[in-house]
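Database features (Swiss-Prot):
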type    : residues                                 : note
BINDING : GLY14, ALA15, GLY16, HIS17, ALA18, GLY19 : FAD binding site
BINDING : 279-293                                  : NAD(+) binding site
Amino acid sequence: MEYLAGNYDVIVVGAGHAGCEAALAAARMGGRTLLITLSLDNIAHMDCNPSLGGPAKGHLVREIDALGGQMGITADETSLQVRMLNTGKGPAVHALRIQSDKQAYHLHMRNAILGQENLVLHQALVERIKTEDGKVSGVVTRTGAFYAAPNVILTSGTYLRGRIIIGDTMYEGGPNGQQTAMNLSGALKELGLELGRFKTGTPPRIHRRSVDYTKFTVQPGDSVPWRYSFMPTQSMFWGRDVDKQIPCWLGYTTPETHQIIQDNIHRAPLYSGKIEGIGPRYCPSIEDKVVRFADRPTHQIFLEPEGWNSDELYMAGLSTSMPEEIQYDIIHSIPGLEKAELLRPGYAIEYDYVKPYQLSLSLEVRKIPGLFTAGQLNGTSGYEEAAAQGLLAGINAALRVQGKEPFIVRRSEGYLGVLIDDLVNKGVKEPYRLLTSRAEYRLILRQDNADLRLTPRGREIGLVKDERWAAFQKKKAAIAEINALWRGTTFSPLNEHLAEVLAGVHSAPVHGGISGEELMRRPEITINEIKQLIPQLAEYDEEALLEAGIEIKYAGYIEKQLAEIERFAKMEERMIPEEIVYDQIKGLSTEGRQRLKEVAPANMGQATRITGVTPADISVLLVYLEQKRRGGQIHAT
């Protein structure tokens, strides 16, 4: 029997990485928020790899932090190892990767939720979304509890009709054998949402004592304690020193490994027809790699620790859903793992997702006001992509409570904007992974300047609190002082110390006066050389120095990208009226008309990015809108 169990402003269903960020954001912005999860013991659980970051993903974590989110803080606090990737390339693709303690991460995030004002946590299984007059009115649990709210955020991850597959064995379940939400998919279909089916997987876990590490190559962390959070007081490694980091280990499969897989490929669910869902392109299973890259004799695998006090090793690169007995053979064929003890077998999981073309850029379902979806439910892969969507959905649900306009991040403002724009306008045919190559303005969207790009916007909506804002203002002031210092410092060509420093890095001698800024523009000159010449720079934080240096070195390229952004902004400003009827526009292609109706773009810029809409369609649409404007049927924008 259904009964009223409570009234809230925002209800979040699912406490994975998306749900946690959504609930915390909504509560921190003043919304009375309820977070419902299948299990209090699995909040923010890392069901797959025990790490965060890497190219584009690390950028996202920094953007989440810059806006006032939680992921970066929790990742720093519970880190096992830190590495800055791509340091041999340009700053646009420098990316932090943090190895995390799975259990510690879960506990730290749960404590953040339990300690958050305006946020209530509850364990239950949601089976229905209730609506009234076409708008969301709340959710109903399996036990009949009705929680009323005008805003509901679904962040159910891979739990919608989840099905675990290990060889010939298949059963209903979520990740790691958790219960799954079998009825919610049907409820969403009844609301008119179109769902799809995807697949993902995870590798086996082995006992660390059973590895012969002499046959692996150690992968230590960096000596610099890199952080995700821009908060200068953020601690790391559970309070341990940087030299106490736990290493990862690099190994390789062998021709024997590949032969075992090839001999049993008929038993692989991926090839036997047992798996219906489409899997992630950028994280293929080992059996898929062996088939697709048959000419390669080996593939890399990494043994990654899962915690300070855990005996489990995650086998990155060895994702599989082969039968369990074949998994033993595969593992034991790898040098150093001849006696490996299998703790958990790898598996594949199929699940339902919401096709994201049905969403607005605020992640609200267009046809059901007050209903938001975020995370893997929207067809993405990865903790970071999920958390970023959750943050945005939580922000917009809170703003809706306040009667304010949605918070939209443009492609030129952040990887978060690239992610959402791609999902809504291009859709997904496979689990979506964010890549630096998907961003047009990579040099603007660096990981080091995420706070300069987004923290002021987080402050405007009330998510960035006073302590973070003060740290941001201090960094901005430091950058201004650094710029003034090296612009105002001039060196004589007779300066012997200057000549010595230049010779040390094979930089050409100067023949006239030269400023610190001009020196910094030289490719071979780094912050280290400038600090030798201007000792006062040693007083400043390394992050502020790095930021100021990049802005000078790449000034020309940055100016070009800013000009491109300004030109494209004019298209973004050309609004498309909500009442437009695409069936009345002659000259549109059949596919273009269909896609424009599905996505309902808010402006011409968005329309140009919709898959299936051609340049000819855009020209037709522009002419139509101009004719309507001149006829007085559309207001000029």
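Every residue gets a Cβ built from N, Cα and C, even glycine.
Distribution of Swiss-Prot features across the structure.
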residue	record	CB count, 10 Å
GLY14	FAD binding site	30
ALA15	FAD binding site	29
GLY16	FAD binding site	31
HIS17	FAD binding site	35
GLY19	FAD binding site	31
GLY279	NAD(+) binding site	21
CYS283	NAD(+) binding site	19
SER285	NAD(+) binding site	28
VAL291	NAD(+) binding site	17
PHE293	NAD(+) binding site	12
**Message:** So, three-state DSSP: helix, strand or coil for GLY19 (FAD binding site)?
**Reply:** helix
**Message:** Roughly how many Å lie between the Cα atoms of PHE293 (NAD(+) binding site) and HIS17 (FAD binding site), rounded to a whole value?
**Reply:** 33
**Request:** Please report how many Å separate the Cα atom of GLY14 (FAD binding site) from that of LYS289 (NAD(+) binding site), as a whole number.
**Result:** 33
**Fill in**
Around the recorded FAD site (GLY14, ALA15, GLY16, HIS17, ALA18, GLY19), other residues with Cβ within 8 Å of the Cβ centre, ordered by sequence, are VAL12, CYS20, GLU21, ALA22, THR37, ALA44, THR155, SER156, GLY157, GLY375, ALA386, GLY390
**Asked** Which one of these binding-site residues, ARG281, LYS289, has the sparsest Cβ neighbourhood, judged by other Cβ atoms within 10 angstroms?
**Response** ARG281
**Request:** Rounded to the nearest Å, what's the C-alpha distance separating ARG281 (NAD(+) binding site) and ALA15 (FAD binding site)? Just drop the number here, would you?
**Result:** 26
**Prompt:** Which of the three DSSP states, helix, strand or coil, fits PHE293 (NAD(+) binding site)?
**Reply:** coil
**Request:** Report, in whole Å, the straight Cα-to-Cα distance of ALA18 (FAD binding site) from LYS289 (NAD(+) binding site).
**Result:** 30
